[in-house]
């Protein structure tokens, strides 16, 4: 995507967010206090408050390392989003540069496919970060879920791909400086 297209896309996203906040009674000035663009962020399971981590917490996990939910916060669980095609992009583990993949790298992974980190970059690893509906969607249409679908999964719960939509599969993107402050990841 060219710089001009990316800038236009970012402006459209911000305008959409501003319009949504205005429609529900928030002042536009409050928007700046609530949403910040951030290149590095945490992925927080909305219901439980736990965060997406590479299993074991390594700064350079091996290919096919599972992604789990855990309550700890540290720099080895920071993520970045690299836009590739409009809303689609790679969810990158900031410390290692590896990206989130469905295990096996299938174009249409079945329900319960584990999420892992891997170095390869291809269209089967593209996701969109849906700020409005609080979910992470794979290009094939399935969503990131905690395995088992619990609203309060224990530490070390695997994350998987699944087609269902419900409150237990909602994720938000927050600042590493303030785990309660939402951030915009499309920068």
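The backbone N, Cα and C atoms fix where each Cβ goes, glycine too.
Values in this document were obtained by computation on a predicted structure and should not be read as measured data.
Of the residues proposed, 64, 164, 180, the one Swiss-Prot records at the same N-acetyl-alpha-D-galactosamine 3 site as 101, 104, 120, 121, 122 is 64. Just one residue in 19, 39 has N-acetylthreonine written against it in Swiss-Prot, and it is 39. Swiss-Prot lists 53, 54, 55, 56, 72, 73, 74, 75, 76 as binding N-acetyl-alpha-D-galactosamine 1, and of 112, 156 the one it places in that same site is 156. The N-acetyl-alpha-D-galactosamine 2 site is set by 112, 145, 148, 164, 165, 166; from the centre of their CB atoms, other residues of the chain with a CB within 8 Å are 111, 143, 146, 149, 160, 162, 163, 168, 169.
As a whole number, the greatest separation of Cα atoms within the N-acetyl-alpha-D-galactosamine 1-binding residue list 53, 54, 55, 56, 72, 73, 74, 75, 76, 156 is 17 Å.
Under 8 Å, Cβ to Cβ, and six or more positions away along its own chain, residue 76 (N-acetyl-alpha-D-galactosamine 1 binding site) finds 53, 54, 57, 58, 59, 95. Taking the C-alpha positions, the distance from residue 74 (N-acetyl-alpha-D-galactosamine 1 binding site) to residue 165 (N-acetyl-alpha-D-galactosamine 2 binding site) comes to 29 Å.
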